[in-house]
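Notes follow the structure.
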Amino acid sequence: MEEINKTAKIQFFFRPFSADPKVQVVIFVAFLVMYLTSLSGNAIIAVIVKINHSLHIPMYFFLANLAVLEIFYTSSIAPLALANLLSMGKTPVSITGCGTQMFFFVFLGGVDCVLLAVMAYDRFIAICYPLRYTLIMSWPLCVELMVGSLVLGFLLSLPLTILIFHLPFCNNSEIYHFYCDMPAVMRLACADTHVHQTALYIISFIVLSIPLSVISISYVFIVVAILQIQSAEGHHRAFSTCSSHILVVFLQYGCTSFIYLSPSSSYSPEMDRVVSVVYTFITPILNPLIYSMRNKELKDALRRALSKF
């Protein structure tokens with residue numbers, strides 16, 4: 001009981017990127033610009049899809065949900081990271097606050113991975129079974145797939161977060177990161193973490209490998225179907241629609257696999273922190289840019305909306 005009370009009173013701090021306050025300010029400005037760009041870009045996509053009835057189809061339903069998801073995903077990290085950049089790592093976070101941030105980060109990240117697989121399945125049906133698309137991808141199914149993604153993310157994140165925060169934490173309270181990432185937090189525990197590392201690896205493997213398998217299989221069939229299209233315009237349209245999704249998948253799965261599926265012996269706190277910037281700040285910016293630049297219907301809807309002002 002005494003050990004639990006000690007752990008409950010611990011406050012964590014995040015290690016600054018640099019000991020130079022001027023460098024910290026530059027990084028703060030860069031993070032703030034990326035965060036605001038991510039918020040505005042994803043909010044625009046969500047609003048454009050909402051107000052344009054021509055975009056009320058499954059493809060854009062999932063895209064709008066991805067945009068909203070990215071807003072919450074980045075917002076679970078950015079405010080505390082920005083506060084710590086300005087305070088040179090002196091802004092404390094309680095163990096409860098750290099656990100809450102970890103839960104929402106893993107929850108939203110897991111939903112993100114599952115949703116990308118759902119979007120690949122949607123493209124597979126649209127390209128391989130165009131005449132049956134509206135019948136197969138009905139609105140009740142779309143809602144079920146979205147709710148299912150949220151439930152899966154919740155069921156995977158909650159037990160893992162509880163497991164990690166049942167660990168005892170001792171005197172070392174400086175997290176070598178800019179948010180409460182699982183590998184970084186586990187390294188502060190004053191107990192054996194082999195079971196926890198194994199659980200993290202297994203859950204990460206499930207969250208990453210199963211959706212990625214669905215995406216890969218879907219795109220094998222998609223590529224075969226596209227190659228059978230006779231017209232050059234049909235080729236271009238189909239590849240344009242899918243290439244944007246592939247770019248997002250590559251960034252999301254590549255970075256997260258590097259962090260969570262790498263052997264613990266090769267763990268590098270500095271590299272972990274740098275790669276984490278990509279999928280917490282940069283990828284949420286690229287999502288709206290990639291989808292808007294590669295999607296004619298979305299660009300047309302955005303132009304019509306801007307022309308009204």
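The backbone N, Cα and C atoms fix where each Cβ goes, and this holds for glycine too.
According to TrEMBL, the transmembrane segment annotation covers 25-48 (among others). Same-chain neighbours of the transmembrane segment (25-48): 17-18, 55, 63-64, 67-68, 70-71, 74-75, 78, 81-82, 85-86, 281-282, 284-285, 287-289, 291-292, 298, 301-302, 305, counting only residues six or more beyond its ends whose CB sits under 8 Å from a CB of the stretch.
Annotation source TrEMBL lists domain 'G-protein coupled receptors family 1 profile' at 41-291.
TrEMBL lists 60-82 (among others) with the feature transmembrane segment.
What TrEMBL records for 102-121 (among others) is transmembrane segment.
The transmembrane segment annotation in TrEMBL covers 141-167 (among others). Listed as Cβ neighbours of the transmembrane segment (141-167) (distance under 8 Å, sequence separation of 6 or more from its ends, same chain) are residues 58, 61-62, 65, 95, 98-99, 102-103, 106-111, 114-115, 118, 121, 182, 185-186, 189, 191, 193, 196, 199-200, 203, 206-207.
Summarising the annotation, TrEMBL assigns transmembrane segment to 201-227 (among others). If you look at the transmembrane segment (201-227), the same-chain residues 6 or more away from its ends with a CB under 8 A from one of its CBs are 109-110, 113-114, 116-117, 120-121, 123-124, 127-128, 156, 160, 234-235, 238-239, 242, 246, 249, 253, 256-257, 260-261.
Residues or ranges marked as transmembrane segment by TrEMBL: 239-262 (among others).
Residues or ranges marked as transmembrane segment in TrEMBL: 274-293 (among others).
Touching of the transmembrane segment (102-121) and the transmembrane segment (274-293) is ruled out by the presence of fewer than three CB pairs under 8 A, sequence neighbours closer than 6 excluded. Residues 31, 34-35, 37-38, 41-42, 44-45, 63, 66-67, 70-71, 73-74, 77-78, 177-179, 181, 244, 247-248, 251-252, 255-256, 258-259, 299, 302 of the same chain sit 6 or more residues outside the transmembrane segment (274-293) yet have a Cβ under 8 Å from a Cβ within it.
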